[in-house]
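*Asks:* The active site, proton acceptor annotation in Swiss-Prot covers HIS358. Residues or ranges marked as UDP-N-acetyl-alpha-D-glucosamine binding site by Swiss-Prot on the basis of sequence analysis: 6-9, LYS20, GLN71, 76-77, 98-100, GLY134, GLU149, ASN164, ASN222, ARG328, LYS346, TYR361, ASN372. Residues or ranges marked as Mg(2+) binding site by Swiss-Prot on the basis of sequence analysis: ASP100, ASN222. Taken from Swiss-Prot, the feature acetyl-CoA binding site covers ALA375, ASN381, TYR382, SER400, ALA418, ARG435. What Swiss-Prot lists as region 'Pyrophosphorylase' is 1-224. Residues or ranges marked as region 'Linker' in Swiss-Prot: 225-245. The annotation region 'N-acetyltransferase' is assigned in Swiss-Prot to 246-452 on the grounds of sequence analysis.
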Amino acid sequence: MNIVILAAGQGKRMHSNLPKVLHPIAGKPLAQHVIDTARQLSPEKLIVVYGHGGEVVRSTLAAPDLSWAEQAQQLGTGHAVAQALSELGSAAQTLVLYGDVPLTTVATLKRLLQAGKDALSVLTVDLANPSGYGRIVRDGAGNMISIVEEKDASAEQKAIREVNTGIMAVPTARLADWLGKLKNDNAQGEYYLTDIIALAVAEGMPVRTAQPEGEWEVLGVNSKVQLAELERQHQLNLAGELLVAGVRLADPARIDIRGELTHGRDVAIDVGCVFEGKVELADAVEVGPYCVLKNVKVGAGTRIAAFCHFEDAVIGPDGVLGPYARLRPGTELGPEVHIGNFVEVKKSIIGAQSKANHLAYIGDAEIGQRVNVGAGTITCNYDGANKFKTVIEDDVFIGSDTQLVAPVTVGRGATLGAGTTLTKDAPPDALTFSRPRQMTLPGWERPKKVKK
């Protein structure tokens, strides 16, 4: 089949400089959701009709399998599809989708395509409040004969609850002829794609319908209110899938998945968590409240406390992290590593059973196994122009308030005394410290303020 995605609308009610189809749901542009769904149908040609936002839309959505057609003037949906005619392949069916209707499922579209074998098929839905939608008009035998837009509908037609979603599968061989016969003598002065229904009926071609599993599948976005409503619906759908798969969610209404979340068994996720990019949670991982994980792999049995922020990191099994821990890109933690509150790790490898339990910065470092990093420890990795590496070998104990001025190496089994500023390599199995001699001045008095 061919698939044409209409993405030329301006979206005035969005009150935004960003083209409507580029506004995100679950961290991905509306139109990208539609494109990704379309790809699962393996179309012969996949064409995006763009207009408002022009090159921004093209550059954002660009992909080798996409063809493009420009609708310079927005003269209606029929006019929009006509711009794509020269790009269509020879496939028997052409499926028309909308770049601002992001949640239609592959299963629903397959039903629509099946209904449209040797016919024209339209996706319809019954709404409790059909206001604003084109109504499906049927004859006495129940056959669909036309779609009447809201602005052109009579009072009797406005009472119809079955409405047009705009999504349809059209016989490719008839599409160009039908589009050429469209007229714009309507309240909007536009060329409606829906008018091809009457043309098909006049030719004696059957017009069949299919319906989605849920109303949310065909909801479009025309305002920030609708964008927020659809975001919540989508997140509830994703949360429902997690629950069915065995994940324990403290509250399905308070989770955001903005990418791909895979998981093992007995995973638990508390409220307010955000998952971006590709996140993998192995068996028995626990994620505390209000954590952000972006492109992170977490090993089995690891516990993550509240308010952690991890990005582009790999966490080994049975770790204990947080609260308020931050892992920046390039971090790799081995098994049973502890990263505690207000500890930041960047582009560092930390070996098994090592601990940095509080108030530390570890950057551009390679830390061995069973290392204890005391509170207030800082790897001084940046001289204002270049980054340098710190190496801490196995079984090292680093006292509190220690600065390691890279490049520097701490040998296996070494101990660094509290308050040390290390500027040279520390030998293995020895105590290294640097601090001024402690002094006491008897009788010393603090300065006193003099009242003026």
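Yeah, the Cβs are placed from backbone N, Cα and C, and that goes for glycine too.
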*Asks:* Could you state the whole-number distance in Å separating the C-alpha atoms of ASP100 (Mg(2+) binding site) and GLU149 (UDP-N-acetyl-alpha-D-glucosamine binding site)?
*Replies:* 19
*Asks:* In whole Å, how far does the CA atom of ASN222 (Mg(2+) binding site) lie from that of HIS358 (active site, proton acceptor)?
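*Replies:* Roughly 47 Å, rounded to the nearest whole number.
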*Asks:* Write out how many residues of the region 'Linker' (225-245) are helix, how many strand and how many coil, based on DSSP.
*Replies:* 20 helix, 0 strand, 1 coil
*Asks:* Which of these binding-site residues has the least crowded Cβ, counting other Cβ atoms within 10 Å: LEU6, ALA418?
*Replies:* ALA418
*Asks:* For GLY99 (UDP-N-acetyl-alpha-D-glucosamine binding site) and TYR382 (acetyl-CoA binding site), determine the Cα separation and express it in whole Å.
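*Replies:* With distance taken Cα to Cα, TYR382 (acetyl-CoA binding site) is 46 Å from GLY99 (UDP-N-acetyl-alpha-D-glucosamine binding site).
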*Asks:* List nothing but the largest Cα to Cα distance in Å, as a whole number, among the residues ALA375, ASN381, TYR382, SER400, ALA418, ARG435 that the record says bind acetyl-CoA.
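*Replies:* Largest pairwise Cα separation, rounded: 23 Å.
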*Asks:* What does the structure give for the C-alpha distance between ALA418 (acetyl-CoA binding site) and ASN372 (UDP-N-acetyl-alpha-D-glucosamine binding site)? Integer Å is fine.
*Replies:* 12
*Asks:* Reported as an integer number of Å, what is the Cα distance between LEU6 (UDP-N-acetyl-alpha-D-glucosamine binding site) and ALA375 (acetyl-CoA binding site)?
*Replies:* 57
*Asks:* Report the same-chain neighbours of ASN372 (UDP-N-acetyl-alpha-D-glucosamine binding site): residues 6+ apart in sequence with Cβ closer than 8 Å to its Cβ, ordered by sequence.
*Replies:* SER354, LYS355, VAL396, PHE397, ILE398
*Asks:* Could you measure between ALA375 (acetyl-CoA binding site) and GLU149 (UDP-N-acetyl-alpha-D-glucosamine binding site) for me? Cα positions, answer in whole angstrom.
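*Replies:* Just about 68 Å between their Cα atoms.
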*Asks:* Compare the C-alpha of ARG435 (acetyl-CoA binding site) with the C-alpha of each of the recorded positions GLY9, GLY76, ARG328, HIS358, and give the closest one.
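*Replies:* Of all the candidates listed, HIS358 is nearest in space.
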*Asks:* Reported as an integer number of Å, what is the Cα distance between GLY9 (UDP-N-acetyl-alpha-D-glucosamine binding site) and HIS358 (active site, proton acceptor)?
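*Replies:* Cα to Cα, GLY9 (UDP-N-acetyl-alpha-D-glucosamine binding site) and HIS358 (active site, proton acceptor) are separated by 52 Å.
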*Asks:* Sorry to bug you, but what's the C-alpha spacing from ARG328 (UDP-N-acetyl-alpha-D-glucosamine binding site) to TYR382 (acetyl-CoA binding site), rounded to the closest Å?
*Replies:* 16
*Asks:* Highest CB neighbour count within 10 A among the binding-site residues ASP100, GLU149?
*Replies:* ASP100
*Asks:* Any idea what the Cα distance is from GLY76 (UDP-N-acetyl-alpha-D-glucosamine binding site) over to ASN381 (acetyl-CoA binding site), rounded to a whole Å?
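*Replies:* Rounded to the nearest whole number, the Cα-Cα distance is 59 Å.
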